[in-house]
Amino acid sequence: MPLEELKRYASQVKKLCDKEKYGDAVDLLNALKEEKITKELLESSKIGHVVNALRKGAQTSGHAEIAAQSKSLIKQWKAQMAQNAGGGDNGAPAKVQKTESSSQKREKEKEKTSDSKDDFSLGASIQPTADPVRNKSRELLQKALLVDKDKFNPQFVSLMAAKIEEAIYNFHGNSSSDTKYRNKIRSRYSNLKDAKNPDLRDSVMTGVISPDKLASMKPEEMASKQLQELRKKFTKEAINDHQMAQNEGTQTDMFSCGKCKSKKCTYTQLQTRSADEPMTTFVYCMACGNRWKFC
């Protein structure tokens with residue numbers, strides 16, 4: 001298969017991974033299965049990495065058939081690589097078999113190590129994309145949602161983390177390099193992992209708050225009930241203080257506001273200087289809120 005054609009296949013598989021349309025990869029996998037792949041083509045096209053990402057994504061999202069088909073294709077390519085490395089030399093079959101066995105062991109260990117990097121304490125791996133930044137974002141969100149380990153299935157947590165990240169990614173113009181995208185990921189991570197804010201996690205995991213809604217929420221909307229009540233209390237106190245400040249003083253029509261000419265005012269007299277100096281009069285216009293003072 002020509003390199004350019006193989007790259008097109010890789011691009012199509014990558015797009016399906018990004019959109020999480022794993023079930024649509026059947027035809028592509030069947031087509032790739034019919035082709036012979038060399039080591040040079042595999043390395044140049046990166047098709048191996050893309051199909052492995054498809055395998056992981058399909059496995060965690062419940063597309064078992066696609067995951068199995070992807071795994072079978074990867075094994076087929078490994079066998080082809082081993083056969084090509086042997087060069088068809090019948091003069092030393094034992095040596096070739098030994099080399100192939102060692103290679104297979106190394107590949108299995110490498111695959112096991114690679115998979116373990118994505119694993120969390122409950123054995124759930126992230127749903128990967130071809131973008132490392134987005135994968136890291138999904139990992140952070142999944143860690144935040146796993147604060148309550150016993151409440152939800154880890155595979156479902158992985159799915160929700162992917163949906164939240166995708167909603168934020170779409171909200172910010174499909175760009176993981178956008179500063180606003182990264183800031184929002186960090187903000188959602190901080191709020192979701194807050195041990196004092198279980199209501200937010202429960203609302204997200206049970207569908208009360210959709211991923212799209214979470215992507216557009218303001219920080220104060222995500223705050224815990226305790227913090228929201230505290231903010232309401234402070235706001236109410238501030239309003240009361242402001243109203244008290246406005247209502248202080250004696251109402252009079254002796255003064256005329258320089259701004260609106262209204263005579264509906266209140267005034268207060270305070271000793272702001274030495275005792276033998278006249279008192280300072282503070283005047284407040286009840287019509288427009290203008291304030292002034294004179295001695």
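Backbone N, Cα and C define each Cβ position, glycine as well.
Taken from TrEMBL, the feature compositional bias 'Basic and acidic residues' covers 103-120. Per TrEMBL, the feature domain 'TFIIS N-terminal' maps to 4-84. Per TrEMBL, the feature domain 'TFIIS central' maps to 133-250. Annotation source TrEMBL lists domain 'TFIIS-type' at 253-293. What TrEMBL lists as region 'Disordered' is 78-135.
Break the domain 'TFIIS-type' (253-293) down by DSSP state and the numbers are 0 helix, 15 strand, 26 coil. Residue counts for the domain 'TFIIS N-terminal' (4-84) under DSSP, split into helix (H, G, I), strand (E, B) and coil, are 69 helix, 0 strand, 12 coil.
Residue counts for the domain 'TFIIS central' (133-250) by DSSP state, with H, G and I taken as helix and E and B as strand, are 87 helix, 1 strand, 30 coil.
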